[in-house]
Amino acid sequence: MGSQKRIAKELAELVESPPQGIVVRLADESNLYAWNVYMDGPADSPYYQGKFLLNLSLPIEYPFKPPTVNFKTKIYHPNVTNDDKGSMCLGMLRADEWKPSSRIHAVLEFARQLLAEPMPDDAIEGRIAEQYKNDRKRYDEVAKEWTRKYAIES
Amino acid sequence: MASITLEELLAMETACDRDEIVDLRSLETVSNYDDHLMCPICRCPFVRPVRLQCDHVFCQKCLNSAITALAASRDDFTCPTCRTPTRGFYLNVPRLLVNMCDDIRVRCPFRDEGCSEIVPRGHVQSHVDKYCGYRLVDCPDNSCSKKTRKKDLSPEGRCLHELHRCLRCDDYIMEQDYEEHVKELCPSLKTNCPDCQTSVFRKALREHIDTCPEVIHPCAASKYGCPVKVKRAELMTHEKICPLIAMGPYFEAQNARLDSLELTIRHLQQRNEIFEDGIANIRSTLVQSSRALTEDDGPPSDVHTLPTSNPDIPRRRDSSNNQSQIDSSNLYTATTTNYLLSLHESLREEVGQLSHAITDLDARASMAIMNECLRLKEDMAHTNAAVGSMRMQVQWLMNPRLHQGQRTGARPNNAAGGNGTPAASASGPSTAAGPSTAFLRPRRLSDSGREGTKL
């Protein structure tokens with residue numbers, strides 16, 4: 001019960017003054033625990049001009065348990081799984097790293113930062129991380145291609 | 001500084017929860033407050049703060065839910081902020097902190113009912129409890145489940161939720177709202193139009209504003225930049241002379257054209273991208289094939305005579321055509337080189353296939369030979385064994401004959417020795433029985449033979 005108040009408060013804050021390049025909506029007006037996040041690709045990244053849809057789902061125990069973030073739009077990124085789940089590997093979202101004082105605002109900003117600067121040492125897709133480290137040009141190309149294919153509506 | 005244990009804290013919480021009328025966390029704050037006054041768990045100003053051993057402060061209620069949500073066992077509870085293992089809790093946080101939290105201005109929780117009071121948070125409890133006339137209380141009539149504002153409560157304890165009919169608008173209104181309805185809300189009341197000062201019915205006001213000649217209206221061409229805003233009555237005359245209105249259709253046509261052009265440009269861009277991709281592919285294949293040519297000098301003289309069925313060729317030709325569009329002077333050389341290249345490529349492929357087939361056949365043949373050899377070897381072993389057994393049998397059959405041969409050789413010696421008849425009569429039956437027993441027991445034969453010789 002306590003979680004609802006805090007979630008509503010955070011949602012109101014995020015809707016009122018959203019972080020740069022991020023728009024937050026409830027996926028379903030009657031459910032506070034599932035959010036849709038629309039994220040613009042950062043300007044100096046291969047994801048530029050892409051519009052990525054993320055699902056952010058909050059546990060009932062929030063803020064004592066961390067939320068989970070999934071990319072619904074396919075993305076070529078070392079820290080996002082390349083399947084239909086699109087799970088994102090964020091250090092602060094691990095159960096033992098999460099603190100109740102962390103805010104969704106920070107989570108979203110961190111996620112967007114990860115688009116600008118992937119963390120290949122903390123990767124979930126080893127192959128992409130390898131490519132990011134060794135063949136940056138090719139990585140940029142593929143990421144741009146995927147962004148054009150999946151994240152830019154025409 | 002007395003610290004209390006976790007169990008004491010939990011017990012206290014349930015006791016405190018009961019006598020709380022106003023939920024301090026859902027109050028709307030008016031004054032700005034420092035972020036440090038915010039509980040990291042509920043993100044509201046602290047409500048009954050509690051301090052941990054590590055000096056971090058939380059609301060008592062939040063800490064309680066953190067304990068129940070986080071700690072698997074009560075012994076390993078850690079601070080939600082710094083994760084220091086914690087056993088002791090201090091209720092006496094600095095007075096300053098409590099005062100700052102209590103001093104935050106909040107709106108009365110019954111604002112929706114009409115209370116416009118703004119009070120310090122510390123006083124909101126008593127405001128609601130004693131002074132707020134808009135607080136909702138249960139209807140004094142026990143059979144009625146509705147709520148009434150405190151100020152509307154009738155002194156006689158009557159239920160005010162009965163419906164009364166408004167004489168003017170025919171709506172049914174609850175008794176407690178009746179006065180307000182008649183004075184302000186009833187749609188049959190007359191009101192003045194803010195622009196033309198004629199009095200109209202309240203419910204017709206909206207329609208009136210849509211048609212009122214005095215309402216200030218922008219020019220229809222305002223989206224094209226006409227700054228004029230005049231009363232509706234004068235708008236007609238303005239629109240007759242407004243040059244932007246006259247230009248309107250033209251603008252619209254231009255807009256439509258621009259839109260369609262943008263659309264085509266986008267399509268063309270996409271197509272262009274696709275073509276660029278294709279050209280890049282073709283380039284890379286060309287580079288590869290030219291590299292292959294320089295590396296491998298196959299016999300180009302045979303190339304023409306051989307039939308080719310390689311599907312690569314038309315594509316290569318296409319690519320060379322593409323190339324020729326870019327550089328038309330190289331057309332002829334490019335096509336011939338490409339043709340030769342493709343022939344060469346197809347030949348290489350065929351040779352590769354042939355060598356593949358040969359190795360395949362080789363492997364199969366050697367396998368067959370191996371199999372045959374094995375079988376022959378086995379057969380030979382069988383015959384060997386048979387021959388061996390036959391030799392044995394032959395030997396076995398030969399044995400009695402050999403012995404007989406020996407004995408017949410010895411008998412003339414005995415006869416020559418003297419009394420031959422008893423020996424002959426004794427040996428007679430023994431020789432007659434000899435072969436029959438000899439088949440079974442050759443040794444006995446020799447024994448009996450010896451007996452015979454002794455007798």
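Glycine is treated like the rest: Cβ placed from N, Cα and C.
According to TrEMBL, the domain 'RING-type' annotation covers B:39-83. DSSP labels the residues of the domain 'RING-type' (B:39-83) in these numbers: 14 helix, 9 strand, 22 coil.
The domain 'TRAF-type' feature in TrEMBL is assigned to B:99-147 (among others). Summarised by DSSP class, the composition of the domain 'TRAF-type' (B:99-147) is 18 helix, 10 strand, 21 coil.
Taking the zinc finger (B:99-147) as a whole, pLDDT averages 84 in the prediction. What TrEMBL records for B:99-147 (among others) is zinc finger.
Feature annotation from TrEMBL assigns domain 'TRAF-type' to B:181-235 (among others).
Annotation source TrEMBL lists zinc finger at B:181-235 (among others).
If you look up TrEMBL, you'll see B:251-278 marked as coiled coil.
Residues annotated as region 'Disordered' in TrEMBL: B:291-329 (among others).
Annotated compositional bias 'Low complexity' per TrEMBL: B:320-329 (among others), in sequence order.
Look at TrEMBL and you will find B:404-455 (among others) tagged as region 'Disordered'.
Feature annotation from TrEMBL assigns compositional bias 'Low complexity' to B:407-438 (among others).
Positions annotated as compositional bias 'Basic and acidic residues' by TrEMBL: B:444-455.
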